[in-house]
Amino acid sequence: MEDKEIGTPLPLPHSEARLQPTLVLTTLSAAFGSVFQYGYNIAVINTPHKVFKSFYNDTHFERHGTFMDESTLLLLWSCTVSMFPLGGLLGSLVVGLMVNKWGRKGTLLINNVFAITSAVLMGVSKVARAFELIILSRVLVGICAGIAYSTLPMYLGELAPQNLRGALGTMTEVFVIIGVLLAQIFSLQAILGNATGWPILLALTGVPAVIQLLSLPFFPESPRYTLIEKGDEETARQALRRLRGQNYNVEAEMEEMRTEERTEQAEGRLSVLNLFTFRPLRWQLISIVVLMAGQQLSGINAVNYYADVIYTSAGVDPTQSQYVTLGSGVINLVMTLVSAVIIERLGRRILLLSGYAICCSACLVLTVALLLQSTAPELSYLSIVCVFSYIVGHSIGPSPVPSVVRTEIVLQSSRTAAFTVDGAVHWLTNFIVGLTFPSIQVAIGAYSFLVFAGVCILTAAYIYVVIPETKGRTFVEINCAFAKRNGVEFPEEKEVATAKPHTPSLPTKETAF
């Protein structure tokens, strides 16, 4: 099949790919050994924080004969908490170099060094009587999480067939939440969240890393990376056959990747600095920044931080609030799985917009309930409903969907640079919220949730105006949709509209798509 005007062979129509065992197992191995670490280490120190502080204090007494004053203990604990997102930021800054040199799968495997090292250090910290090992390990496991959170969506997005790209893309957030939930379960006082069990609790972060080291080498590297960046067409074809099944015609997908490769030959590999000045990717880059900043600044971490106070004000016994928190974690996981099921039916935009609408409404009602519950105590129960509603809203859109969209709106040659920016924004905003929210909450109290409602409105407005629906489109077609907004001429746009499911060839030098 050939376009007579351009003389470029066009790819055959895509058939619907079915979910194959190899693709499922690759996803499980890659996700469990990577972003699971992110979720687990976010939550693992929250419930038993008094146990850790006691260890810090006892260690100080053994060394100096006196206990720490409250300000010193608070400073050390703040360092323990904040070192994780700081490590995540460091990891996100090196991920571009790693995935270009060692590939997506290779980067995930090398990344396990950070997880295993931190697990060993945290596991022996009690025997060594050195709380400093915990703080150092939080940096290392943060680096692991930062690398994983940028690499896994890239890997899964490039492994997935077009009709399953959304569902597989949400697995990044699904496994983050599974990590959070298991950490909440294991850190219960009756299990490992106690004075004797906490070293094991922290060291468990090494188990997924070992499992991945033993399993992931047997699964294929990203076919797009193999073909477009390494030029190894036969290995890419073999990988596609393993991922799609032997009865699937992989040639249409191979031709689509060749088309993408041709569009990028004039562009070359973009660095992070070049990305900021590259006109054809201007709105894609802005969209990535808005999606990741909106995800964090919309208040999910603040709601989790404030949840225990809300539960206590509603009459929940402080010793039982850990179980209410566990219940919210279950809701989070269930709704994220629902998002994974419906994303290819409803699309990305509707999940993002409806999710932000729910979050905004929950923040507004929560503000009113918190302000009035001193005069109307029954409103404290409404506060709990608002927390759970917020979690539902964030779980169906703002949490899982950006991982899908950020992979889809950039092409292969710019993806690593874009994900470096993406990861840096994610971890920096995460760090800012964790650092500033306690002070904001003290200063303005319940009104702090109005700030998050405003962020939800602004982010949703941007998505509505700027970000197109990406469901069912190839990577090249999605970038064509951004062309007019970027002020770039695409002579093939008419062909895309009239000749679907053909994928256009884009040889124009200026567009570099």
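One is the number of the first residue shown, and numbering goes on along the chain from there.
Cβ coordinates come from backbone N, Cα and C, glycine included.
Both I350 and T407 are recorded by Swiss-Prot within identically named topological domains, on the same side of the membrane. When N57, N194 are compared with the annotations in Swiss-Prot, the one labelled N-linked glycosylation site turns out to be N57. When the stretches 22-42, 199-219, 352-372 are ranked by Cβ pairs under 8 Å to the transmembrane segment (173-193), first place goes to 22-42. Within its own chain, the topological domain 'Extracellular' (129-138) is flanked in space by residues 41, 52, 55-56, 59, 62, 76, 79-81, 83-84, 87, 117-119, 121-122, 202, which lie at least six positions past its ends and keep a Cβ under 8 Å from the stretch.
Highest Cβ pair count under 8 Å relative to the transmembrane segment (283-303), across stretches 22-42, 323-343, 352-372, 381-401, 447-467: 447-467. Using a 10 Å Cβ-Cβ cutoff, Q295 (D-glucose binding site) registers 25 neighbours. Shown in sequence order, N430, V433, G434, F437 are the residues of the chain, 6+ apart in sequence, with a C-beta less than 8 angstroms from the C-beta of N301 (D-glucose binding site).
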